[in-house]
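**Student:** Have a look at this one before I ask anything.
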Amino acid sequence: MTDRFTLARTAVRVGARGLAVLAAAGIAAAAVAAAALVPWPDHRAEAPSIVVQPAETGQVRVCPGPLLSIGEDPAAATTATSVGATSVISGALPADATITETPLAAPDNARADADGAPLALTTEPGAVDAGMLAGAQSQTVTRESLSGFAAASCTEAVAESWLVGGATDVGRTGIVMLANPTAVAATVDVRVIGETGPIDAPSALGIIVPPASQRVLSLAGLAPNVVSPVVHVTSTGGAIAASLEHSVIEGLTPAGVELVGPTAMPAPMQVIPGFVVPTAGGIAPADDHAEGDDFPAVRLLATGEEPAQVSIGIVAEAGGGGSTVDVTLEPGLVTDVPLGELDAGTYTLSLEGDGPFIAAARATTGAPEQQTDPDGADPEASVDLAWTTATMPLVDTAIVAVPRGPSPVLHLANPGGDQVEVRYTLDGEERSLTIAGGDAASADLDDQSVVELAGVAGVHATVTFSGDQALASFAVHPPGPLDSPIRVYPR
Amino acid sequence: MFPRVTAILVVHRGGDHLRRTLAALDSQTRRADALVVVLTEADADARELVSAASPTHVVELSQRLSFGEAIRAADRILDEPASDADALWLLAEDSAPTPDALAALVATLETAKSVAIAGPKLRAWNEPDRIAGFGRTMTRLGRSVALVDDELDQGQHDGLSDVLGLDPAAILVRHTVWRALGGFDPALPVVDDALDLSVRARLAGHRVALVPEARVEFGGSGVAGPETGSRARTVRRRERATRAAQLHRRLVYAPVATLPLHWLTFLPLALLRSLRLLLVKAPGSIPGEWAAAFTTMFSGARVPRARRTLKHARTAGWSAVAPLRMQPDELRRRRQHAAEARRARARGREQELQFLGTGGGWVLLVSVAASVALFAWLVGASGVGGGGLLPLSDGVAALWRNAAYGWRDIGTGFVGAADPFAGALAVLGSITFWAPSFALVLVWLLALPAAAMGAWFAASRLTERGSVRAVAALVWAFAPPFLIALGDGRPGAVLAHALLGWLAFAAFGAATSWAAAATASLLFAAVIAAAPSLAPALIVAWVVALAVSGRAWGRLAMLPIPVVALALPLIIDQVVRGNPIALLADPGLPVASAVPSTWQLALGFPDDSWGGWDAFFDGVPNVDFRLALTALILPLVLLAIAAVIAPRIRRAVLALGVALLGFATGVGASHLAVATVGAAEIALWTGAGLSLAWLGLVLAAVVALDAVRRGPALLGFVAFAGVLAAVLPTAIGIAADRVAIAPAAERTLPAFVGAEADNDSRVTTMRLTPDADGSLRATLERGRGSTLDEQSTLADTAETLSAADEQLAEIAGNLASRSGFDPDAAIREFGVSFVLLDAPSDDADRAAVATAERARTALDGNAALIVVGETDFGALWRFVDAQADAPAAQIPANAGGWQAVLITVIQLVVLGATLLLSIPTGAGRERDRGSSVRRATLAAGSDLETEPVAETETEPVAETEPEPVAGTVPEPEIAEPTESDADGASADLGKEGDDDR
């Protein structure tokens, strides 16, 4: 009897304790489940910030100045001297804004007094919006050592630019022009990368460019016998507007000149609009013995650490099917890729890669052999050279100055998916142009005019000139990021 | 002529007291000739009894008057005394004389004509062998002292005759003298009325005599003299009345020339005595102390009237009473006696923990060794940096300034409340005052042993077993949230974890001791200061503790006072700003952390790292380390849950409740981000909540292990081994210094700026940091750079920008752009001398790199700046026109205004008072509340059991013993031998008998 009672008591006790443990474990499990399953509300603080619109500042554009020639003066065979003056045209929106032209000091050019110096175009702070000042220059030379037509836009001074073009093998001359329009001395490093990799040139590091002046370097002095150079210019202190003069002599005959402006910054996608191929012909992309300048080609450099696969899409501006060239870029090695046989016409090159790279395309008006060959059919044959650089997408509005030159054409490429309607003002008359997504268009311009563009957000634009013994192009640049609004968190 | 004795009986309520008093009057051998009864607001019962006694007169008073006033009212209806021999016998309802009392008193007056007042021997009601009062005197300084106080009556004082004063009850006063002296002083309603009357009688040339043969049982119910008893309220009221009476008499007795001096010393004296009251753990008497000082200082005409009365009757000089005062050697003897009694009472409490006896020393040794092994690379370093660690301000003054309300010297600066955490940092930095930043190294090196010891002591409140205490200490010291916080460099979380164990220890003792309660309240403040996210959970725990603490609630109630004093300015600032949730923000440098999943939280990992196990098992296929990790933590959780079957279920439930609260805090924290840095939002650190959860688990496991009869050590060490294995990757990471923190120089800015700061301590650097989405973060750093104590959650959690912030953004945005903005505005507005552009981190996105390039180009091209060069911290520029000691860089004078002074004073007073209260000088002063002594007694043997007798000794020092022995306090220590399933071998003396099943 007692035993049974004790037993029952024990059973009750054990049962109660078991229930207690179960209850505690249940509460624990429920707590974890509630934490995991119930969608508790979140509270996330918003960081306060304001978008700062930088105070308006005077817009500055730098025109590279007259074409230079090395060895023009027999007494000073290594110095560059100018050959003739350039014609500069500038414009701004609003059109009545005062544009001040300030010549920069050009201590490296002995004839600067006669031919003129690089010009800094400035406006008063607030007179024009960012990007609404444009200038361009052009020059035709016919010398024993230099002939052809060159045009360039006046660009903003920046801290870093890539110049794709030039060559320093036999008959090719490259001159790097570094203009510092700012009030601060610039310390500039110029690095040249060739087809065999970066070229060691200590003398090009730490070049001081004084305020408001231009320094000139001979590319051959930095990197002799390079077929495919790319010039990387970086500066600290003042900003630099860099450009590269590329001239060719076949034998004893000058065979073209071009002023190459900075190309678009490294990116996995580049667009080269308005690539003019004046004469049909070319070399197959696979031909790795291509020499000389007289075939359409693209110069590429992968700037990353990894090899880049780049696919080059070549589409005629007029429409119709295109072709594609695939190349593999080794990092740090410049590659010139012939674009195959192309019909004469204007093309849009779309380059897509799996790593950042830079690009520019080259074309000539004809083979120099036509002149120099003793049997040459036509000593007067047109020979000039042009580099068409990759461009940056424009913001909504832009302004283009068109200098003197033969048949200027504005080429517009719309790599985006959406159709855009571009409005432009020509001769005070507003016109419009509709470009479907992925398509391109062009408009003939008058020389020595200023064209206002609107509705061009995301559009790439280039101005080309082509004529007898004349081929040139320059990119239309969006304003640099320096003036754009920036979000600031003051804590 | 036969003297006429009129007995005046003051009655307030009826009942047993009155019945016995009336009966005793009736049975006097020498009966009073007349009986005047004064009814003061008397109840019906009293009226009935009084009318049954058929008094000569009944005086009805409709209000409750003091004893002296009631007598005066009765005296008014009496005739002029016929002769000097006529006398008044002043009785209260609770003074029952023995039958021969009046005869003895009258005999004294008759035999000695010079005796004006005769007093009986007052004995305790219902305890006729204890003396309740037998004469009164003053010390030389005028304090009223009972000649005999609560002693066993063995006739040892029957030799006393001439005394200075008496207690009011049952004294026989010559009616003529009564009239001549004007009766009791109305300004002494409760205490010292009879003493004062006696003194005046003495000064008028009469004598005051004690009559040992006249014995009166006295109830002390407050009708005559103060109410006796040890209830806290009664004691407080009595002490206040005593002090007020003493101060009043001081003003009345002092020479007129010294009156202003006395008057002026009242408040300083009250302050000093308050400090002393804190030290002797009698904080309840402090308000009475001040009230007494104020009411006496501003008592109107009472002092002049009393002085006139005294002067009127006075015939002798003060020297006449000097021999009757208590002599200094007697006073000293009494003090020694009291101290001895206190010591005796305190004995037996200190040894209860048996620190060395149960292996505490070994645990300390192990934890120190573990700390040295983990932080070997930190030994010898002068500072520690990285993660959330910055140097501390260079001077102690600056540390304390940053801890006080006023100018918050961060960014553009503003006036506002300091984080309570800055106060904790100021305390730490002041310890190593020669190099405040070194304090952080000490914290990092000592955190592990300190945490282990805290848990050991907390566990010692729950178990006698050394092995279980050791397991608790080690499991607590190797808690995942603690080690991860150490590795991440989170000073708040580290401090909170190191102190939580101590807080539990102190809170366990808070119910029994003011010192422990004050210590607990300081730790409570420190923990909440270090980890504000714990505040809700701790407040809930506090409310629950209050609810179940019974009569100990008074001490527990003070727990949040210091933290409220510290945090109130911040609370007000945040509430006014409409952002009260921001009060939870982790103080110190905000450090971003990845929000953990619920699984990680449940295992005690406060970030998404799985305690380093993910990296450990990286690339090992087919192993789900998460399950293994869960299996390692599970033994501890199961042990904690098993606590519910232990005999002390209440403790188990409370401990598990704490664990649940902590887990809820952790989960809540994972859903909150209240602070921002630059563009980034800073999630609340979940580790603080997890630390609390871990504490609950550890305590519950201790309860469970304590109840296990065999092998608790084995079970405990299994749980510990699991925890140790779980944190092993984390520990290895710390030991190899693969963590965010590293020994650091005391610099957060380039040396060039540091050199400038030597000359100009306010040299200002604008720091630009490219941020995630191409934005820019701009901050200002003064001197050698921002310090940990300068950080302010008020700044981190602001949802809007101040005008100064907007201006800073404007200037910074323009400096980072090509702009027509006048760059020298930076100098004018903020006194900027340098601009530092942080290099974007290696994994920064393109937008940040582009922003860095843009800013660099703009700064390079700015003619107002000259390049200093590349530094370890980024590119540095200097303003051409930078000014030394730029006016805009200075802290505005008088930034906080009067509020700063007021708030700081209040905070210092509260903290100082708590600190004084926490100093354990009160050993033995506080009434022992049971358990600890009894348990120690049982443990140590029976020799201590005779000690409590000492409590009955006289203590002349005013002393509070606010609470009687607590019967219902739920403190674990309350020892009341309970049934125990165990065979009694365990020391389980817990009291929760009801809860056992």
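Glycine too: its Cβ is placed from the backbone N, Cα and C atoms.
If you look up TrEMBL, you'll see B:251-272, B:355-379, B:433-458, B:470-487, B:493-515, B:522-546, B:552-572, B:584-605, B:625-646, B:653-676, B:682-705, B:712-736 (among others) marked as transmembrane segment. What TrEMBL records for B:922-997 is region 'Disordered'. Per TrEMBL, the feature compositional bias 'Acidic residues' maps to B:944-962, B:973-982.
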**Student:** Which one of these stretches, B:251-272, B:470-487, B:552-572, B:653-676, B:712-736, has the most C-beta pairs shorter than 8 Å to the transmembrane segment (B:682-705)?
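**Tutor:** Ranked by Cβ pairs under 8 Å, first place goes to B:653-676.
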**Student:** Mind checking which residues reach the transmembrane segment (B:584-605)? Cβ under 8 Å, same chain, six or more beyond either end.
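**Tutor:** Here the qualifying positions are 387-390, 419-422, 479-481, 484, 488-493, 529-533, 535-536, 611, 626, 629-630, 633, 663, 666-667, 669-670, 672, 674-677, 680, 682-686, 688, 690, 693-694, 726, 788, 791, 793, 796-797.
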**Student:** So, do the transmembrane segment (B:470-487) and the transmembrane segment (B:251-272) meet, by the test of 3 or more Cβ pairs under 8 Å (sequence gap 6 or more)?
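**Tutor:** No, since the transmembrane segment (B:470-487) and the transmembrane segment (B:251-272) share fewer than 3 Cβ pairs closer than 8 Å, they do not count as touching.
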**Student:** Taking contact to mean 3 or more CB pairs closer than 8 A (sequence separation of 6 or more), are the transmembrane segment (B:355-379) and the transmembrane segment (B:251-272) in contact?
**Tutor:** no
**Student:** Can you work out which residues elsewhere in the same chain, 6+ from the ends of the transmembrane segment (B:522-546), have a Cβ less than 8 Å from its Cβ atoms?
**Tutor:** 419-421, 423-424, 491-493, 495-496, 499-500, 502-503, 506-507, 553, 556-557, 559-560, 562-563, 566-567, 583-587, 654, 657-658, 661-662, 664-665, 668-669, 684-685, 688-689, 691-692, 793, 911, 914-915, 918
